[in-house]
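Visitor: Below, the features straight out of TrEMBL:
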- 40-322: domain 'ABC transmembrane type-1' (DOMAIN)
- 356-590: domain 'ABC transporter' (DOMAIN)
- 37-56: transmembrane segment (TRANSMEM)
- 76-96: transmembrane segment (TRANSMEM)
- 155-174: transmembrane segment (TRANSMEM)
- 180-197: transmembrane segment (TRANSMEM)
- 286-303: transmembrane segment (TRANSMEM)
Amino acid sequence: MSQRSTQKSHSEEESLGKVYDRILMGRLFEYIAPYRALMAAGIVLLLLLSLVELSFPYLTKTAIDGPFANSDWRGLMRISIIFLALQLVAFFLRFAQIYTAQSLGQRIIFDLRRRILQHIHDLDMETFDRQPVGRLMTRVTNDVEVLNQLFTTGLVNIAGDLITLLGIVIILFLLNVELATVSLIVVPLLFIATHLFRSKVRKAFVVIRVKTAALNSFIQESTQGIALIQVMRRERHRYGQFKTINGEYRDAYVRSIFYYAVFFPLVDGLEELAVALVLGYGGAKIIGGILTFGALVAFIQYSQRFFRPIRDLTERYNTLQSAMAAAERIFALLDTEGRIQSDSKPYLPVNVLGGVEFRNVSFAYRADQPVLEDVSFNVNPGETIAIVGPTGAGKTTISSLLTRFYEIQTGAILLDGIDIRKWDLVALRHSVGIVLQDAFLFSGTVAENIRLRDSSIPYSRMEWAARQVQAHELIQRLPKGYDTPIGERGARLSVGERQLLAFARALVFDPPLLVLDEATSSIDSETEARIQLALRRLASDRTSILIAHRLSTIRDAGKIIVLNKGRLIDQGPHEELVQRCSIYKTLYELQIQESV
């Protein structure tokens, strides 16, 4: 994908939405609902905090016009004590409000992350083919974090800022209507400046998010492809590309800083203008004996406090807008339903024998590119068969269809004589064990990967499974044996060791039907011998389908199925196929030559 098309994709993903969307907010409140009491407590605390903080300028007015003017030392001390006591109350209210808001946000985000991951686990493979993994990770991490900002510092604080503004305006007009009108003359100018700033910053933030996504994507791609970059000596070229992308990110960020550098001094200037107007008009009123000096000081303090929530609301406007866009993307994911579901009245087997039948099965990942066409074969319970064919023949697709990772277009797949579409999906996948060609291991220990953190599986059974597939001795040689951490995706193990652990994992769950996608390339002869013995032990006492990439491993199979270009060409034992099937004979002879 070109850099331009990549950035276009990121642009579509990172665009900002509406500032407020009633439907999205309603869905978000479904996650807030269990914590209504906590949210109500946060709002009450914020109201109390606003009231306490709004009392300080009025106390200053009272002190100046009363004890100061009358030289009342006791009265001044009394007001000072009240002032300090209210400061202490404000401290505890602020602490409680912040703690409550953060606790609320983390509880909601915990539930939302859990819901997203649970939903991702329920999606079918077609969804993952359409959705890049990086994009799904962004939903779980970045977008959820944006919503966290909304819940912790957005909604409640927006309400608090609006309450503070309303309270200040009411107090100003209660103190003196004329002076209140003068102090608010600059408000229209402030609204115009705020509107222009929001418009410019919104566009700048869109660009920054696009450039950030492109930067992260490039770094991730470079890290994953570091071996290829080094072996092909493309370090300088990649550095040049990164320099360009990094420069675009820098320029976008500097552009946003420019708008902030203009807006905040402008707000400060309007604030000083309001103070100057109050000072001039109020001073004249004091000289005329209409206004007290304490009232003028209170007016100045309230005017200054009026501009603080304006700044905060401007910042939170962007938070709210980003949160609406993030919520839209998250709910779009949550609204994605997998096509593959259990039947309304699913079949729940009492005992699975493992008989498999493909009946005129046709399948395509894309409508114009068929992978399997009219494929039919049978596997008897307890039988071992092998599927062979050139690359792209459709061998691995067989295992994906058998577990209903994908839905076939025509035909039927039967397990124990029952169409798998009628099976309970959990029961079906519990009955079919798969060992993929590229064995996937999780970060964690050897034991955690074999048992998949299933505490119901005893240690003795895990060790027995490892012994059966020739993995026990290899595991014992590791620094901590079964408790050895194996790194991300088993990075500390060789290809063969990862394959043997996957075999042990399959055996420990003891499925009645086993699909083995063989991987014996790029391993030494000793490990290959271990794998061959493990394959034979795995295949015994159960129905086994071996997807073979090396024909030397399948001579023991009772039946061999030959695929080519998605069609079943022939089937039978090895000796017969060598004689009558030209494709099988060619594959066999080529591998003999390679081994020589």
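Each Cβ is built from the backbone N, Cα and C atoms, and glycine gets one as well.
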Visitor: Would you mind listing the long-range same-chain contacts of the transmembrane segment (180-197), meaning Cβ under 8 Å and 6+ residues beyond its ends?
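Guide: That would be 169, 172-173, 259, 262-263, 266-267, 270, 273-274, 277-278, 281, 299, 302-303, 306-307, 310, 314.
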Visitor: Which listed range (37-56, 76-96, 286-303) shows the maximal number of Cβ pairs under 8 Å with respect to the transmembrane segment (155-174)?
Guide: 37-56
Visitor: Would you kindly list the residues that approach the transmembrane segment (37-56) from elsewhere in its chain, counting only those six or more residues past its ends and only Cβ-Cβ distances under 8 Å?
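Guide: Tertiary neighbours of the transmembrane segment (37-56) are 83, 86, 89-90, 93-94, 96-97, 100-101, 103-104, 107, 156-157, 159-160, 163-164, 167-168, 171, 301, 305.
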